[in-house]
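Student: Please read through the structure below; I'll follow up with questions.
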Amino acid sequence: MVISALKTSLALDSQKRYKDTEFKAILDEDATGFVEVSDKYTRVSRIFSIFLLLICADIFLAHGMFLNQGVIKITLPYLTSHVFIIAAWGTLRRKKRQLTTLLVEAQNLQVYAHDKILNFIVIMISITVSIFSILLTLLLNESNEKRFFYGFEVENYWAKIVIMMLKNGLYCVIYPCIAHAITLLYCVLCLRCLSKINFLCEKITQCSPANFGISKQLSILKNRIQIRDILFEVEAVFAVPVFCAIVGNILMCASVIGWYLVKEWNDTNIAWKMNIAFYAINAFSNVMATAWVASELAISMKKFKETLIQKTEKRLLYCDAKGEQYLKTDLLAEPDFVLTGCNIIYFNRSTILALVGTLLTYTILLVNTS
């Protein structure tokens with residue numbers, strides 16, 4: 001499913017190893033609708049779309065039937081978070097042609113981007129979600145079991161276990177799987193650009209002022225333009241999905257904190273504690289990963305500009321290269337590049353503290369409001 005698109009974006013050796021035809025063949029295996037697929041997978045992609053909407057509807061129905069005045073303020077953020085995750089998935093799916101082109105362009109950067117770590121994260125997410133679904137099913141008490149069957153009684157023990165385990169697994173498809181898939185794909189593209197920028201910075205640093213001539217400067221600036229164009233595409237494709245994903249994760253965090261504030265930790269059962277810990281870790285790590293990687297990219301872009309300017313100034317002083325000043329004129333005039341979420345959230349390091357502070361403040365206000 002989504003992992004096939006992630007593998008496409010993770011596997012970057014060189015053009016010799018991954019030809020365009022092979023790259024497109026991998027893209028054709030995606031069935032989620034995130035990338036443009038071949039005709040034989042179009043029907044599967046549509047079925048998957050309907051499948052996600054049905055899961056979301058079931059989550060609303062299962063929780064909505066047991067809403068009461070005491071928990072409505074905490075349950076609503078939980079349910080709304082799923083709406084935002086579905087919205088993130090839907091907006092990204094609508095841009096599947098742009099995303100497919102973006103993945104092909106990113107292949108041309110020919111850099112590794114923490115491939116092994118990211119593959120390990122994908123595997124760990126899959127294993128963790130599977131274990132969580134099984135354990136939660138086995139640990140749920142009778143009162144919590146009823147919401148899986150809309151209040152009806154199911155007498156057959158094994159039928160009850162299978163249905164609950166299946167539903168828990170399906171609920172996890174939307175959250176956290178879809179949320180993590182969007183974030184991982186976004187982070188992979190950012191990390192590739194980040195690795196290329198850092199490589200160019202190192203190349204500039206290692207080059208002496210005497211050897212840093214026009215041909216060398218032009219080569220580096222061409223690579224920078226390639227990265228900049230890819231980042232513009234990343235912004236165009238992911239601005240809305242990433243914003244929706246972050247809002248969804250923040251709402252999930254708010255719901256978790258709300259439950260923690262209204263219940264005594266020692267008085268709750270193990271299933272409740274595991275549920276709270278699972279959603280809290282996934283929501284917090286998702287937001288932090290997005291904000292950290294995107295802000296790191298902004299820092300590296302600024303560092304590249306400073307490194308290039310310093311090197312050209314040294315060349316001007318020691319090599320009398322006055323005729324080369326025009327090469328960095330446009331670079332100096334450009335504002336610092338910062339990725340955004342719908343031009344509402346700007347991914348700087350200060351954004352991380354702002355998100356955490358906002359989350360804690362509004363959650364406490366919400367819970368304390370009568």
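Glycine is treated like the rest: Cβ placed from N, Cα and C.
These came from TrEMBL, pasted as-is:
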- 47-66: transmembrane segment (TRANSMEM)
- 72-92: transmembrane segment (TRANSMEM)
- 117-140: transmembrane segment (TRANSMEM)
- 173-194: transmembrane segment (TRANSMEM)
- 236-261: transmembrane segment (TRANSMEM)
- 276-295: transmembrane segment (TRANSMEM)
Student: When you check the transmembrane segment (47-66) against the transmembrane segment (117-140), do you get at least 3 Cβ pairs under 8 Å, counting only pairs 6 or more apart in sequence?
Tutor: no
Student: To the transmembrane segment (276-295), which of 72-92, 117-140, 236-261 is linked by the most Cβ pairs under 8 Å?
Tutor: 236-261
Student: Where else in the chain does the transmembrane segment (117-140) make close Cβ contacts, counting only residues six or more beyond its ends and a cut-off under 8 Å?
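Tutor: Hits for the transmembrane segment (117-140): 3, 6-7, 10, 161, 164-165, 168-169, 172, 176-177, 180, 184, 187-188, 191, 269-271, 274-275, 278.
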